[in-house]
Ligand SMILES: [Zn+2]
Ligand SMILES: [Zn+2]
Ligand SMILES: [Zn+2]
């Protein structure tokens with residue numbers, strides 16, 4: 001698969017450091033659960049996209065729902081496909 | 001001996017588990033408190049922000065005009081209003097200080113991609129304020145909200161003159177006591 005960035009129209013600039021210990025969406029460590037998980041024993045696994053970026057499963061699900069109908073990785077904005 | 005009891009007696013305790021709630025204001029409050037702490041510890045004082053009163057969902061931010069631009073030495077106040085879906089939805093950001101800029105309208109509304117369709121939940125208040133600061137330095141003149149500013153932008157000398165005149169006027173009106 002080849003991905004090409006067609007156009008970058010951003011006028012603002014920001015950068016985000018890739019962090020493999022913490023979920024970028026909620027800032028909580030991957031070895032713990034997302035801030036929405038409250039029930040003891042509930043699992044909050046990490047999900048990986050084909051773009052190699054990873055997030056808590058619940059954080060990613062909420063982001064996909066929030067940006068409907070688009071489905072982009074919050075980091076690289078490629079179409080999100082579960083790896 | 002056979003022990004062929006179907007293992008179906010493990011009552012599905014997950015039947016009520018629809019996943020975590022989508023909106024949880026307590027979680028958003030915690031997130032905002034964390035961001036506030038990080039902002040306060042940040043040595044970069046060119047941008048700052050603090051909740052307005054007791055309401056953690058409404059902040060007042062201050063950004064300094066970027067150095068070596070026409071906005072140098074000017075200070076702008078902005079209001080940030082966080083939705084209950086933050087950080088999945090962006091905050092609403094407006095200039096409180098009148099801002100003469102191609103991408104800011106006369107009411108302080110801002111046209112910035114990351115505040116709308118290109119918002120990412122990886123952003124935070126600090127990144128947002130840094131982006132707004134760089135917007136001051138690098139306006140997008142092709143889709144202006146203030147066409148006068150957009151037309152004047154190529155002439156930086158005239159632009160600065162107009163910018164400072166409006167800035168001084170707005171700040172005088174802010175403080176009616178000073179003569
Ligand atoms: Zn997370
Ligand atoms: Zn979770
Ligand atoms: Zn990605």
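Backbone N, Cα and C define each Cβ position, glycine as well.
Curation plays no part in TrEMBL annotations; they are all automatic predictions.
What you see is a predicted model, and the numbers here were worked out from it, not measured in a lab.
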Stated TrEMBL location of region 'Disordered', expressed as one of B:1-26, B:27-52:
B:1-26
In the domain 'UBC core' (B:27-172), how many residues does DSSP put in helix, strand and coil?
54 helix, 31 strand, 61 coil
